[in-house]
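Per TrEMBL, domain 'TMEM205-like' is recorded for 21-116. If you look up TrEMBL, you'll see 66-85, 91-108, 152-172 marked as transmembrane segment.
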Amino acid sequence: MNLVTESCTALTKALPACHLLVYSSLLGTELYQSFVMTKVCYIALPRSAFRTLQKRVFPVYFRAQVALVLLSAVTFPPAGIFGLAINRADWIPHLVAAVTAVLNLGVYEPQTRQCMIGVAHQETRDAANSSGGTKDESTPDMDKAKRGFSRAHAMCIHLNLISIGAMLFYGLRLASRL
């Protein structure tokens, strides 16, 4: 019995440090991926290499985002997720971040990836069917493919920004308690 009590006490004492590390990892990952890595890669890489990189990086990013939001909730001091539920100003940002991350992971990132592939395939078809027109001419099929990509990509961007905003708000609450 004493061992169980000591283990629980040690876990309770470690929870704030774990929570701070997980939250910091979440916010840092969101900010770095959104504002540094994507921009640098867009500028530095040719379009096809950038597309290939994004197809591989964003599923990993969104999985990490979901996992870190959940870990942040589970490590919320002093009682984990049960302590988080006490104050709306704590659980609402976590819920918003979790919902937006899950939507990006399960709906909008796969949709964006499929649309990106569709645009690339349409470029290939348009090039094969080209009758000597200028390269800047766009076919109705290409316009449709690009519109689909733009919508899905815009949803990913906006949901990601909402998640970042929620975690920044939570960070201010967290900092006010230090």
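Cβ coordinates are placed from backbone N, Cα and C, and glycine is handled just like the others.
In the predicted structure, the domain 'TMEM205-like' (21-116) carries a mean pLDDT of 95.
Within the domain 'TMEM205-like' (21-116), the DSSP-based counts of helix, strand and coil residues read 85 helix, 0 strand, 11 coil.
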